[in-house]
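S.K.: Residues annotated as domain 'IFT122 first beta-propeller' in TrEMBL: 2-187, 189-292. The domain 'IFT122 second beta-propeller' feature in TrEMBL is assigned to 297-551. Annotation source TrEMBL lists domain 'Intraflagellar transport protein 122 homolog TPR' at 558-873. Look at TrEMBL and you will find 926-970 tagged as domain 'IFT122 zinc ribbon'. Residues annotated as repeat 'WD' in TrEMBL: 49-80.
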């Protein structure tokens, strides 16, 4: 930073204060009892203003530039217009020390030795407030909400717009440290308002609005008289008893001197939005300086380091645009960068940084070394292991520890130095001197190599990638290119200020100057394009340029120059396009037969209207392509709705749908889908996909119907679990049945609705899955002792096996399974009552029922005992109920059987006690309990070795599925040749019977007893032909079924016959009731028999069949 004096003037009296007009054109100074108005451009005194009778101490300009105010020792404040006319005057009781305008409301604060006043254009009067001490300075916050007052007793008082004190700050020195100047930072970047305070304790300090100090006090070593910020708050000016103005950072770091004076500096200000500073002194001197901030920077390939805010270094990666800030907190004097090294010179030391890693995009630097020593140098260069300092003619090489290793003395002043690479510790330096000499120096070699000598001084140098050519810019702005080996001048170009070779292409270089960037390829003519600034690097197709303080990368076309194409029109068109002469370029493209390049140029530049004009009424395909490109652009600049409309007009429906769907615009998607033809399957399918994604299955279904994609429609219904629609579709199109019921079954299973899932699998024809679900349900029910559920699931399994048995290939196996599962269902249904009796505290069944069930189970469990069924529980129940009902012999037998089994501890005492007490009972069973066979009227034993059949006629007993009593039913079979339909029709006839006297004829012989029914009208016999059929041959071990003829069927009454109408391949089963008055009910679904009264009661309790759970309101059998 250096200060250049622009103009200077001398007033007769001390300059106590000054103020700039906000537009910077005028300067108002307080000099003696007058105000002096200067033109800031050349220092012309425009007009002195007289109005005060005593010394003017302060002056301030309103932010809007309409008026300014002055305060004087004559105790008055005068308000002036921008036309330099006094319009208002008011007074205080003491001399006016300072005035300040509110930047927002233009309210004026005027402060005296004993009070301060607030005046605004709207008010007629001034509101005054007393002060405990002399007010020396004041400043408003940026938002105009608060006014800070600096006082002689070392206190800062922060007031609101009404003058009420909100914060009070006491400086440590008290009255020994009078506050002499304060100013709020105008920076918009800070989150908090920051107040800079300069006191005569020779300290600079900073405070927040809350009164909290920021950082520590900064020692000044002089009494400060004035403090002011630059317009954007980046720097601070301070002047006072040291007879100079100093520049500080916003954090209080001293950067340098602006201008030295001959007397105390009472005021200094910065011209608004500029780097001009004005200084007012005790002796009346007015000095106007321009501050020039030089660029301190360094570049190596794609890394650029530069100084920011005088104390920071920013390293920028020119390719990735990444930036990293290094805060030095001191004035940065020089910067050098090379590979992974960065050197920063500060006033008292040099810092050497290195990258954390070798990654080319890594931007993290850490301190490697510190050389704590003050150096004076013009140029600074860093290598892998050394620092190179250049001071006029002398070049010094220092190690990172600060030890001087080598020194070179040149013949003339060094004007340019650059590292051109090499192994670590042996790098080469390119040095240009003022006398035109160009040298190459190796850091490990004392001897410099003279490359060539030219007549003019060197300004800039660069060596080509292969080290064969040298480019020099001299002081006459001429770019000269030499062959290093032959020293021959290859060519020269005028108007150059800097030059750079392409690091990838040997024959390409660029140079800048005169507002143009010039690119030279081999022997081709120079290509020019407009560019402000200096070229500092050329890498591939990118040229790095520095303009003022910013570095930018310029993309430059180079391929055709390398190839040396011969089509001049085409080449010229490219040149015109890069120069911004687009219409001329388009004409040349058309003339050379490359209309497509003109279109590409217009579309790349987003000049779609020009492109359409260029096409005219040409090929519609080209127009469509153009609209598509326009839509692509609209999409890229985040104008999706416009892009959709363009895509639709270009016929690019898929892209339009994609954008619409991604943004969730359902209404627009509906319009597109309805306008599309049903033949356009791909866009319609995409519409349906987005409808599904956006949770609008109704529109998706409409779209699938439009294109006739029923399979996708089915999948949609299944995915959205709209089962009713899916089932309706399945009814119309049975081929999709599998696609509907299988997912439906899986969904039911996932929602713990396993029984419904099993039915759905069955309906879908997935018998294996249906059976697997049922088997798992059954196993779970048994393991969890839910035996009624197990019975139900086994019954369902049996019915599924019967369904599968219709397949001839599986008939025999499935029928065996059917009978096995039916048997298990009956066992578990019965055992449910036993389990509840033994496990639960209260019995839900009558003793007779438990007695019958336990007998039924013991008769059935002749071979293996199914999982979950306990013989101990069954025998224990039988023993207890037998004893209670008087079947003592059976009870004793049950207790004896229990002795052979492993008995749970909870039954142990009860069984032992029962075994003892039963001995006291008679050894016989009550005759009332003995079961009767209704075919042969034989009394059967309570424990039957044959099982649940008659010991005499072998007729199987038919049990009630609730009470397990033997029902008065006898199963009969049809004679061969009689079909089920014929049998039912014969039974329904109910032919009238003739009265007969004798029903039975008994014939006794030595070996057998025979009952015979005489069917002749005249013979003795029974009037019921069926009764005759009940006879059998005595003493036989084989079961002889009852077989009836047509005449017997005809004689039967419909109400006496019960038919189990099994589905094929099973035969129907026929049962005849022998006690017609005792009503029996058969469930039409599971064909289980019940006493009608029991069945009705159970149905009322459960609203369904207790066995198969068929609901009473279910019409299907």
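Even glycines carry a Cβ here, placed using N, Cα and C.
Fair warning: this is a prediction, and the values are worked out from it, not measured in the lab.
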S.K.: Excluding the flanking five residues on each side, which residues at least 6 beyond the ends of the repeat 'WD' (49-80) place their CB within less than 8 Å of a CB in that stretch?
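M.R.: Counting only partners 6 or more residues beyond its ends, the repeat 'WD' (49-80) has Cβ contacts under 8 Å with 13, 16-23, 28-37, 86-101, 103-104, 106, 108, 110, 112, 117, 119.
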S.K.: So what pLDDT does the domain 'IFT122 first beta-propeller' (189-292) average out to?
M.R.: 92
S.K.: Which residue counts does DSSP give the domain 'IFT122 zinc ribbon' (926-970) for helix, strand and coil?
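M.R.: Each residue of the domain 'IFT122 zinc ribbon' (926-970) counted once, the result is 3 helix, 8 strand, 34 coil.
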S.K.: Write out how many residues of the domain 'IFT122 first beta-propeller' (189-292) are helix, how many strand and how many coil, based on DSSP.
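M.R.: Its residues fall into 0 helix, 64 strand, 40 coil.
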S.K.: Of the residues in the repeat 'WD' (49-80), how many are helix, strand and coil by DSSP?
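M.R.: Summed by class, the stretch gives 0 helix, 19 strand, 13 coil.
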